[in-house]
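*Asks:* Have a look at this one before I ask anything.
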Amino acid sequence: MASPSPNQKPGETSYQDVNGDYDEDEALKAAIASSLKQEAEDPRTSEQEPTPKGTKPLDQIVKVAGPESWLMDRKKMEEARLQPLRKRTAEDASLDGPQGKRLRTPATPGSNDPTMLRQDAPASISMGVTASNGNQATRQVPELRFPRGVVKRTWVHGCPRTDDDIKIEEVLEKDKLELAVVSSFQWDEPWFLSKVDTARTRMVFIAYAKNGAEQETLRANVPSSRIKLCFPPMHGIGCMHSKLQLLKYPNHLRIVVPSGNLVPYDWGETGVLENIVFLIDLPRIVQAPEDRDAIRGHDAAGVSFGTELRRFLRAQGLDESLVKSLDNFDFTETERYRFIHTIAGGHTDQLSGETGYHGLSRAVHSMGLSTDKPISVDYVTSSLGSIDNSFIKTIYTACQGLNDGQKDGVDQPSRRNTKTALAATATDSDKALGAKMRIYFPTEDTVAKSRGGKAAGGTICFQEKWWGSATFPRDMLRDAISTRRGVLMHDKIIFVQPNGTGGQDDPGAGWAYVGSANLSESAW
């Protein structure tokens, strides 16, 4: 558990921080600043949407609309809040969590990425889902849109709609949304608040603030009756890069893991960027069977989707009653998935084997997908760090599931210090590894010819000096080109397949990772 925040006020709910550092912060800030400058020089227009813009500094905090919208009639707003509450049980009421305050901007891609891993059919990287053996008698049976989990691309303005895309409005469904717990690296609060019914929906914003003064500045700009702020513990590291949404409705909980931030351009409204989103709807439990722990997503081994989600939320500093309220929902359909996260800091305890790339390896192993045979890895990233062959071996070996980060129960040093040990288990030479792993990142030409031009590439970052390094794995890079002509990809995806021979000796199923971890040391 995280320790109390030094900025916590008397009587205020204890809220702390989660994260990962980002050793490319300055490069990304400079890139965004450059992008903003280019935008100002070459403004673009669209039917309704603003042009992309970078993160706003704290001194440009946009206050929420004035009293006429936020504080209108306190009595009416309170009555609107209390009416649905009167209909709930005492247990249900905890799902709304404590009330509090609100948030404002961050900066540039880093780590602390909650992510999703899923198993597919054998020798496949299909985004389809397998059948479930869930116990239907334990749940309410509302009409759920995503009962078994689905991966979709964000809608993009100017591109034809398909069954595989989704708008932010379709994710939130504001007419029924009661509680939203959301985290993001970049924010446009007025835009996001326009997507929810602020009189109906309570919100918890998980936000980054580098010190107590910034926390107070953020709190001062929040209508505390509807929005609570949670500041994850940074442990002196970088910035918070997590992207997660827990959306509570009358009869179900929606878990959303997007690669995009809460800004209009990441959700396609400016027509220049696309992201990817995992969604799953969990029904409320009506009566708990004898195996209620499994139904609620708890497992003795501590590797299930529900267990790792709770671990991550506690590390974020969320109120325990809110975390416990997840027990009201049926996690049966998450059995085919794993929840992967990166929690900030140098870990010398059991957590070192449960987070970051160790957590990825552990998840692969727990699903019976670990193999010492060669695999094919395709990594789509929107930012590239100062990586080398040693780091690539670490990620490759984690994708094989060969090491869960623990050695005979002995505590490990920080996760960075264990990278060499994990990579040492890989037997491929650098050259052979280059034939088995590909990294997808857009070329300068692809960005320049995109709909938004170079100005749209402000959050797609890389430094030329890293490319020039003798240890940079240049031969693994491939151009990232979206099937939507002229649209840039802000996705973070890993596709893992057997070695591709198609023979009887191929290892088992392929799998895919969808989340917010770029290919950088700080993200893992």
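The backbone N, Cα and C atoms fix where each Cβ goes, glycine too.
No curator has checked TrEMBL annotations; they are predicted automatically.
The following feature annotations were taken from TrEMBL:
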- His241: active site, nucleophile (ACT_SITE)
- Lys243: substrate binding site (BINDING)
- 1-17: compositional bias 'Polar residues' (COMPBIAS)
- 38-47: compositional bias 'Basic and acidic residues' (COMPBIAS)
- 71-81: compositional bias 'Basic and acidic residues' (COMPBIAS)
- 485-523: domain 'PLD phosphodiesterase' (DOMAIN)
- 1-115: region 'Disordered' (REGION)
- Ser520: site 'Interaction with DNA' (SITE)
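I'd like these features described in context: how deep, what's nearby, how far apart.
*Replies:* Secondary structure from DSSP puts His241 (active site, nucleophile) in coil.
The secondary structure of Ser520 (site 'Interaction with DNA'), as reduced to three states from DSSP, is coil rather than helix or strand.
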*Asks:* What Cα-Cα separation, expressed in whole Å, is found between Ser520 (site 'Interaction with DNA') and Lys243 (substrate binding site)?
*Replies:* 17
*Asks:* Could you tell me which of these recorded positions, His241, Lys243, has the greatest number of Cβ atoms within 10 Å of its own Cβ?
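*Replies:* Counting every other Cβ within 10 Å of each candidate, the maximum falls on His241.
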